[in-house]
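Features as listed in Swiss-Prot:
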{"type": "BINDING", "residues": "207-222, 467-477", "note": "FAD binding site"}
{"type": "DISULFID", "residues": "335-338", "note": "disulfide bond"}
{"type": "BINDING", "residues": "347-361", "note": "NAD(+) binding site"}
């Protein structure tokens, strides 16, 4: 089931195993069970440290990744290919005894959790957010014997996942725990275990502290580190919103990549420099004093720096119409690549006629029964090549001059109301899902009145990426720069870094 290149890469990774690992598989006579057995046999044959046995488990087909004679609590229900293949490889290495690449403070938090935690995560193999959650919970299961985790492919276990309309969907001890991307720190926080503020108390002041972890942040950090400045990053995750991007084909010199691969490469590049990257933590306040610029973190710790570059990016913009908020993850979705497979053979709408909306409609048309694309303006704003592709599809309708007014449904989406602005008539369209693609909302709510914002909530900057507060710079999608592109954000991050350096030597 694995191509030659992947088998060669896997063989090299399996050489890093430090102990024996046993696949314990629950298999039936169905086609998926045959595929799973083929995959596990193929992998087992690649290392003498791997073995395969069979046993009845809660779900079929599924398998656990165990040490000989010891259950680790790590289970995959379905066939972990696609984006989840890396989750399987990591699980093998970690169960074998390979040390995880996590801070000791995080490992200690996991070890100290008290109680029994049985996690189940519903995923789709096309979901780019899902592996982060699966890998975090697998690691927690390996570290703490009171934790178990099962990854469940919703496409294989359709009855169980029938009412799940957004992935990853995490359940703890049978109750809903969370939806969407979560870091290991997010999970620990939801369990009541937070990073100790004392970890940050003895940090020396920075020359440049960058808040955010996306392309602008990474670019800024590398530029300031290369200038010899003491540089820190405070971020939820390296890569930011790019992690949720499927394909990237307009980053010059890189013909094609994915958001996950881009973010991984960005993290690796940052690691090559003396940069203090503090991930899994968010800033909640910023204040300039006579002595320094102070950034307060969500755990109460305060970091000081001569300059700060704000690069917190942006998140999905919502419709802000009745019914939307209460039906998010219950039919209202924002990521077609993650959640699209959950709407197979169903009717959906895409809101937004820009590149993102049209690309989403094109992708969904290959999965769902029918797509209706709504655009508020009189014509679509997407590139012509995308519009031509969209109009060639037989299961897509396009409605322009359409103002969406209500998401309809009780416990899940059943329809959408919209107004035809050319006639003033209101309509109800019955459907099962709504994908909102109307742009981004800057992540500036934490700033309060610290720097000047425009009417859209974006940070106002000048050509040198200065804000209205000396020493505080901003770059990327969080600012009022007109065009929001990865390559533009990286240039803006570099520009902010060079001007922060200039500010330091002049002050």
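Cβ atoms here come from the backbone N, Cα and C positions, even for glycine.
Distribution of Swiss-Prot features across the structure.
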residue: 207; record: FAD binding site; Cβ neighbours (10 Å): 18
residue: 215; record: FAD binding site; Cβ neighbours (10 Å): 30
residue: 219; record: FAD binding site; Cβ neighbours (10 Å): 28
residue: 335; record: disulfide bond; Cβ neighbours (10 Å): 23
residue: 347; record: NAD(+) binding site; Cβ neighbours (10 Å): 17
residue: 349; record: NAD(+) binding site; Cβ neighbours (10 Å): 27
residue: 355; record: NAD(+) binding site; Cβ neighbours (10 Å): 15
residue: 359; record: NAD(+) binding site; Cβ neighbours (10 Å): 21
residue: 361; record: NAD(+) binding site; Cβ neighbours (10 Å): 31
residue: 475; record: FAD binding site; Cβ neighbours (10 Å): 34
Residue 347 (NAD(+) binding site): secondary structure state under DSSP, collapsed to three categories: strand
Which of 353, 357, 471, the listed binding-site residues, has fewest other Cβ atoms within 10 Å: 471
Distant-in-sequence Cβ neighbours of residue 211 (FAD binding site), under 8 Å, six or more positions away: 217, 234, 235, 283, 286, 295, 308, 309, 310, 311, 312
Separation of alpha carbons, residue 335 (disulfide bond) and residue 475 (FAD binding site) (Å): 25
Distance [Cα-Cα, Å, rounded] between residue 467 (FAD binding site) and residue 335 (disulfide bond): 32
Proximal residue to residue 353 (NAD(+) binding site) among recorded positions 207, 215, 219, 335, 338 (C-alpha distance): 335
Residues satisfying Cβ distance under 8 Å from residue 338 (disulfide bond), sequence separation of at least 6: 124, 126, 127, 128, 129, 130, 166, 167, 168, 244
Those residues of the chain, 6+ apart, with a Cβ under 8 Å from that of residue 351 (NAD(+) binding site): 319, 357, 373, 374, 404, 434, 435, 436, 437, 438
